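For reference, TrEMBL has these:
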- A:R54, A:T55, A:R104, A:H134, A:Q137, A:G270, A:P271: carbamoyl phosphate binding site (BINDING)
- A:K82, A:R174, A:R229: L-aspartate binding site (BINDING)
- A:2-146: domain 'Aspartate/ornithine carbamoyltransferase carbamoyl-P binding' (DOMAIN)
- A:160-308: domain 'Aspartate/ornithine carbamoyltransferase Asp/Orn-binding' (DOMAIN)
Amino acid sequence: MRHLLSTRDLSRDAAIELLDVAEDMADTQLREVKKLPTLRGKTVVNLFFEDSTRTRISFEAAAKRLSADVINFSAKGSSVSKGESLKDTAQTLQAMGADAVVIRHPASGAPQTLATSGWIDAGILNAGDGTHEHPTQALLDAYTIRKRVHGSASRGKDLDGLRVTLVGDVLHSRVARSNVWLLTTLGATVSLVSPPTLVPVNTTGWPVAIGYDLDEAIEGKPDVIMMLRIQAERMRDAFFPNSREYSKRWGLDDGRLGKLQATTIVMHPGPMNRGLEISAAAADSPQSTVREQVTNGVSVRMAALYLLLSGDREDA
Amino acid sequence: MSARVVLQQADIARALTRISHEILESNRGADDLVLLGIPTRGVILADRIAALISGIAGTAIEAGSLDVTMYRDDLAKHPTRTPAPTHIPASGIDGKTVVLIDDVLYSGRTIRAALDAIGDIGRPRAVRLATLVDRGHRELPIRPDFVGKNLPSAQTERINVHLVELDGADLVSIDEVRA
């Protein structure tokens, strides 16, 4: 793998390979010594133009567990605030010898630009770009679902036949987009439930069914229900009257939690707005995988870094 | 370029039986013995040797697998390798005698990686090495304790180990790769 930019262009075999490597990585995290020498001497730069807690820490932990050197860069307090362009930042990193760049950027397509511009030779990992994609989040979601469904026999398995419902702010959600493509590639049937104002303008070609009624979706007995965060920071319009109204119609509250099948998995990519899109009881219930998702994130990102950085780069 | 068969099925069976007896002899019994095979074919050999030793000693002994991919020193020189699962027996390896088992011993670099991997899992009392074929050309100070067959070879030759479980037949052959 040369770069990891989106899940849309990830083949089924490549996705399953990555999830299987993540299983091996997860096994090593149970050992007394969690650190592997695999990426010794490699430099991973976390290039974050947007705020992030779990993704940045997760990538940092993953790189460190593989013995890579990690340089953290956040746009705040850097020369970006002096007006430095992405090109100049990239060339600076190139001059310092970065082997991989993990980039989060408010502009959709920024990682693609880095990967194809020739400004930098490093492998590029998309850690979220605008409203485009967040591939490692979708991979860790797929990993979490696969692990819950297949248990310890999950190696090599896909998600054939599972029905996954994504609920909430699809319009602003790169997590939703990455999941739509990846989960479909892996064989799951994906449906979206969202206020009409938060459905993307153009969904032609999306392999999904779109609904507007959460209760109806719950009656359909989905295997997985994934609540998306209301991204207030990206909302420059009134997409719904107020948060109480949203919570009443599209929030996973205690009543709706009770109507779910006992086997339905409740997911949230975090950070959660408790009481808005998900109630505290739903977030902390045994059906919830919120914390597993965070744990699995480290293994999945270790796998991505390993597949990107090991091996003869000329062959990739 | 035809493959020359050097070990037949019966030869492999005899070699494994002898190795099993030797392991038992040097360990003075089957106590605290853990066999770890190195994927892919080392794992199959470890399972076979474990079964043989259990038959001889009358007590079941533990076998597992140890993947060394993440510890290799040549990761940057080859296309990306996909790791294989590691299974360490539930009782662990602390204070045990670990016997590493591989199909072919060549440069010794795989075993170097395996020793590092073991160090991250626990602290065995001793680590021994068993191999079905020792073809020479060591690049590190590593020496096997139990050898099925010493097979002096040229570096241009290739040793192929076939095992029933994976390849449909038990066979070791040599062929010439580069002129």
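Cβ atoms here come from the backbone N, Cα and C positions, even for glycine.
On the structure: features taken from TrEMBL.
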residue : record                           : CB count, 10 Å
A:R54   : carbamoyl phosphate binding site : 15
A:T55   : carbamoyl phosphate binding site : 23
A:K82   : L-aspartate binding site         : 6
A:R104  : carbamoyl phosphate binding site : 26
A:H134  : carbamoyl phosphate binding site : 26
A:Q137  : carbamoyl phosphate binding site : 28
A:R174  : L-aspartate binding site         : 23
A:R229  : L-aspartate binding site         : 19
A:G270  : carbamoyl phosphate binding site : 17
A:P271  : carbamoyl phosphate binding site : 10
How far is it from A:R104 (carbamoyl phosphate binding site) to A:R174 (L-aspartate binding site), counting Cα to Cα, in Å?
11
Alpha-carbon spacing, A:R54 (carbamoyl phosphate binding site) to A:R229 (L-aspartate binding site), which is rounded to whole Å:
14
Which state, by DSSP, holds A:K82 (L-aspartate binding site): helix, strand or coil?
helix
Entries of A:K82, A:R174, A:R229 which, being binding-site residues, have CA atoms within 10 angstroms of A:G270 (carbamoyl phosphate binding site):
A:R229
Go through the binding-site residues A:T55, A:H134, A:P271 and tell me which ones have a CA within 10 A of the CA of A:R174 (L-aspartate binding site).
A:H134
Argmin Cα dist to A:K82 (L-aspartate binding site) over the binding-site residues A:T55, A:Q137, A:P271 returns A:T55
Average model confidence [pLDDT] within the domain 'Aspartate/ornithine carbamoyltransferase Asp/Orn-binding' (A:160-308)
95
Residues in the domain 'Aspartate/ornithine carbamoyltransferase carbamoyl-P binding' (A:2-146) per DSSP class, helix first, strand next, coil last, are 64 helix, 27 strand, 54 coil
Can you give me the Cα-Cα distance between A:T55 (carbamoyl phosphate binding site) and A:R229 (L-aspartate binding site) in Å, rounded to a whole number?
15
Annotated L-aspartate contacts A:K82, A:R174, A:R229, maximal Cα-Cα distance (Å, integer)
32
